[in-house]
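Feature annotation from TrEMBL assigns transmembrane segment to 12-34, 40-63, 119-141, 153-181, 187-205, 217-236. TrEMBL lists 13-151 with the feature domain 'K+ potassium transporter integral membrane'. The domain 'K+ potassium transporter C-terminal' feature in TrEMBL is assigned to 249-455.
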Amino acid sequence: MVNEQHQFGSVMFTDVLLPVTCVILVALFALQHYGTHRVGFLFAPIVCMWLLSISSIGVYNIVRWNPQVYKALSPYYMYRFLQKTRTGGWLSLGGVLLCVTGSEAMYADLGHFSHSSIAIAFTMVVYPSLILAYMGQAAYISQHHSFESNNHIGFYVSVPGLAVITVMIVTTCFMSLVIVLCWNKNIVFALSFLLFFGAIEAVYFSATLVKFHEGAWVLITLSLIFLMVMCVWHYGSTKRYEFDVENKILVFLCVKSVSVPHVEPEERFLVGRIGLKQYRLYRVVVRYGYRDVQQDALEFEKDLISSIAEFIRSGDSDKNGHPEGADSPYEMLSIVSKGLPFQEEDAGLDASSESSVHKETELSSKSKRVRFVFPENAQVDTEVRAELHELTEAREAGMSFIMGRSHMKAKSGSNLIKRITINIIYEFLMRNSRGPAYAANVPHVSTIEVGMVCQV
């Protein structure tokens with residue numbers, strides 16, 4: 001009769017444990033999108049009741065089965081245990097690791113808590129409860145060495161957490177770097193930390209490797225898959241960053257319609273820098289009269305590049321990137337009367353067969369070779385040549401235009417007539433007028449418009 005009841009209890013344990021666990025996990029992840037603070041508010045009473053329950057059961061087992069189990073807290077008995085059991089004791093460290101795994105899992109996703117609250121909760125509540133629970137289990141096992149079913153100690157016969165101890169080793173290695181690089185401590189202190197905790201974790205790691213063929217290989221396989229995904233992502237991100245760095249020319253273009261019929265080509269482009277010279281940020285103002293005919297996109301791009309190149313060659317900025325005579329890099333724009341001419345040729349042409357009286361610099365790309373043609377006897381230093389090289393490389397990689405579109409709005413407190421005039425009538429006319437991208441004949445695929453609200 002007793003055996004039948006025992007078998008019935010074992011079946012109930014197996015049949016109920018897995019479904020209940022799945023239901024709890026599904027409910028937990030279903031509530032996750034509400035935020036960790038709401039999930040924590042819901043589960044905090046449950047966790048507190050669970051800690052109180054396991055600590056109470058642990059105290060009962062200690063008193064009932066073996067009150068002397070408290071001696072297990074002493075490292076001396078750990079040494080005696082390993083000395084007596086040798087290989088068997090070393091292999092059992094994998095099961096001991098599960099105790100650490102259970103407590104470590106409680107501290108996932110706690111970034112919204114302060115350091116002091118986590119420390120107080122662990123030292124005053126979590127750690128004592130776990131110690132009492134594990135001591136109670138040890139007291140029970142000390143009086144019950146044989147079991148007909150592993151369900152009684154299923155926690156200890158589970159596959160050890162190889163992933164957890166691997167994370168601990170990696171964390172210890174990174175922590176030693178934090179001690180040196182972030183905390184600016186002595187490297188001897190960091191090495192002592194690494195050797196002390198690393199040696200302990202290495203012993204546990206070696207014990208978990210024995211279970212590799214019993215299921216731990218699944219974790220290793222998943223880790224390698226995720227590692228490959230992360231490496232691919234890192235490789236792609238690095239290549240994208242390198243492309244952005246190599247093609248880092250950025251031009252802010254402003255198209256102005258002035259109240260004159262025509263604007264002379266020599267006065268059309270105003271060019272300046274934004275920030276320091278090494279940033280490679282340019283501000284260009286293009287002025288058109290109300291009767292001027294805009295160029296097509298290709299000619300506009302060429303004139304834009306030529307104007308910026310002439311601005312770079314003329315050296316209107318000092319070595320710090322500030323325009324001469326200006327207090328800040330945003331105050332002055334230079335009128336570029338004539339852009340620096342350049343030629344585009346196929347890369348296969350033989351440049352040695354060409355004759356020219358001008359001084360030239362050659363810049364190569366995959367399909368074209370771009371040449372800026374300098375005036376005769378022009379002195380061009382290495383820094384200017386490097387900036388022109390980056391300018392032409394960026395052009396061949398593709399041009400993007402960031403253009404501003406202003407939206408007018410009457411200030412708070414304006415009278416009714418002004419609000420109607422600005423907010424309704426003028427805004428209606430602005431939305432139905434040609435934008436700066438159309439006025440400059442800039443290709444739409446290369447245009448980014450930035451909106452700005454102007455309160456008048």
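Placement of Cβ uses the backbone N, Cα and C atoms for every residue, glycine included.
Curation does not apply to TrEMBL; its annotations are automatic.
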Residue distribution over DSSP helix, strand and coil in the domain 'K+ potassium transporter integral membrane' (13-151): 119 helix, 0 strand, 20 coil
Averaged pLDDT score, the domain 'K+ potassium transporter C-terminal' (249-455): 72
Leading stretch by Cβ pairs under 8 Å, where the reference is the transmembrane segment (119-141) and the options are 12-34, 40-63, 187-205: 40-63
